[in-house]
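Shown next, in structure tokens, is the structure this report addresses.
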Amino acid sequence: MTSIRIGNGYDIHRLVSDRPLILGGVNIPHELGLLGHSDADVLTHAIMDALLGALSLGDIGHYFPPGDPQWAGADSLKLLAQVHQLVQERGWQVGNIDSVIVAERPKLKPHLAAMRDRLSAVLKVKPDQIGIKATTNEKLGPEGREEGICAYAVAVLVSVA
């Protein structure tokens with residue numbers, strides 16, 4: 001019998017000027033970017049938390065503390081690679097990931113395939129094992145007021161042992 005684990009993740013960051021907007025490792029043209037200690041890639045952060053949560057390994061703040069200068073401006077895809085290594089070392093592999101990005105603007109549909117390609121390359125899975133959807137918050141809440149962008153992710157891990 002195959003063992004599986006499921007984890008979920010969430011992240012939100014504030015939109016500010018003079019920062020790049022990076023989602024799923026893709027630089028998205030926009031006048032605002034996300035504020036954070038690293039590159040503030042909320043999608044990748046939510047996926048990392050989902051992977052860690054599936055194995056009861058805590059959250060990304062435990063491994064990459066926001067007050068630690070070594071993570072300042074860090075490329076979240078490199079952090080994801082480290083989390084993926086933890087998953088593999090424990091005898092698990094990614095079955096699939098499903099995620100949602102909540103942003104009023106910019107329109108993200110043109111960038112979803114590139115995000116899927118970047119994430120699947122890091123996680124060593126086929127692109128069709130990574131689901132990414134984008135939606136608005138219908139002008140409600142911080143995302144709807146364009147104060148921030150958030151992402152939700154669910155990860156299914158399959159035992160390779």
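Placement of Cβ uses the backbone N, Cα and C atoms for every residue, glycine included.
Swiss-Prot names Asp11, Ile12, His13, His37, Ser38, Asp59, Ile60, Gly61, Thr135, Thr136, Asn137, Glu138 as 4-CDP-2-C-methyl-D-erythritol 2-phosphate ligands; from the candidate set Arg5, Arg145, the record adds Arg145 to that same site.
If you take the C-beta of Asp11 (divalent metal cation binding site) and look for same-chain residues 6 or more apart in sequence within under 8 angstroms, you find Val42, Leu43, His45, Ala46, Asp49, Cys150, Ala151. With every protein chain in view, the residue among the binding-site residues Ile60, Asn137 whose Cβ has the most Cβ partners within 10 Å turns out to be Ile60.
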